[in-house]
Amino acid sequence: METPYPKPISPSQTRIGWIGIGVMGAAMASHLLSAGYSLTIYARTPSKASSLQSQGAHLTNSPQELACQCDVVFTMVGNPQDVKQIVLETDGILSTLNPGAVIVDHTSSSPSLAREIYASACKKGCWSVDAPVSGGDIGAREGKLAIFAGGESSVVEWLKPLFDLMGRVTYMGEAGCGQSCKIGNQIMVGANLMGLSEGFVFAEKAGLDLRKYMESIRGGGAGSMAMELFGGRMIERDFKPGGFVEYMVKDLGLGVDVVKEDDDGKVVVLPGSALCKQLFSAMVANGDGKLGTQGLITVVERINGKLL
């Protein structure tokens, strides 16, 4: 097999692999199929692959089998533990990845794990890019995700034709910087969701029409992308997940609990994020971990005595 990088990416020659076809992963992968790329997928639950198969994707039996057939392998799974198992374990992607191939991890994961994967890939003559995303299910479906990339700048630039199908990529720096950017993103998103939740609960208690309330403030300083994405869903009690609450707990923990990694010198005190993590953790404790993050409003409502 010819070394894929830095041979230009093209639908006729670049073979793509994808692992992780959940709410966002499936939508992201479908954009590659629509652009004419050959796509091989692995799914722990094969039945979930039927929609992508109907678009032309090929289903394989293991990450190892997928990796040896592909030039670029994308992963979009749940947790850092899943990433480590799929990429670094003896039966993982790196065990069969061909020299010059590239791993792109879209999972919101740990900066230190991203650096470990990068180092392990380099030892095999391969490349890795940590490229977590923001924009939720709507951004994934519309190809308008914000993509934060860490690794070699030239490799990120090489991957741009693929990233452009899914959204807008920004190169953040060396390996791990993409993940650090996503953690910072989630810190801000969590704070916005907490503000939205408390604002709506206050407005409802004050007797305001929530639709009029949101329309009146969205053009001022209180307006935000979080309001545009989640405000209407909160009012309509639409808590279907664009991203699971349990993943928000994980993401905020990567910032609040960073002392658990080898990053002691980078630890900062984040009291607001710690509170946000507690509130989202309360949702998980209430059995709502699989709801969307906009469901945070239910925690504030419960605190204020509303029966749900």
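The backbone N, Cα and C atoms fix where each Cβ goes, and this holds for glycine too.
Automated prediction, rather than curation, is the source of TrEMBL annotations.
The domain '6-phosphogluconate dehydrogenase NADP-binding' annotation in TrEMBL covers 15-173.
The feature transmembrane segment is assigned by TrEMBL to 16-43. Beyond its flanks by at least six residues, the transmembrane segment (16-43) meets 49, 51-53, 55-63, 65-67, 69-78, 86, 93, 106-107, 133, 136-137, 140-141, 143, 145, 162, 165-166, 241-243 of its own chain at Cβ-Cβ distances under 8 Å.
Mean pLDDT for the domain '3-hydroxyisobutyrate dehydrogenase-like NAD-binding' (176-299) in the predicted structure: 93. Taken from TrEMBL, the feature domain '3-hydroxyisobutyrate dehydrogenase-like NAD-binding' applies to 176-299.
The feature active site is assigned by TrEMBL to K182. Spatially close to K182 (active site) yet at least six residues away along the chain are S108, P132, V133, S134, F148, D251, judged by Cβ distances under 8 angstroms.
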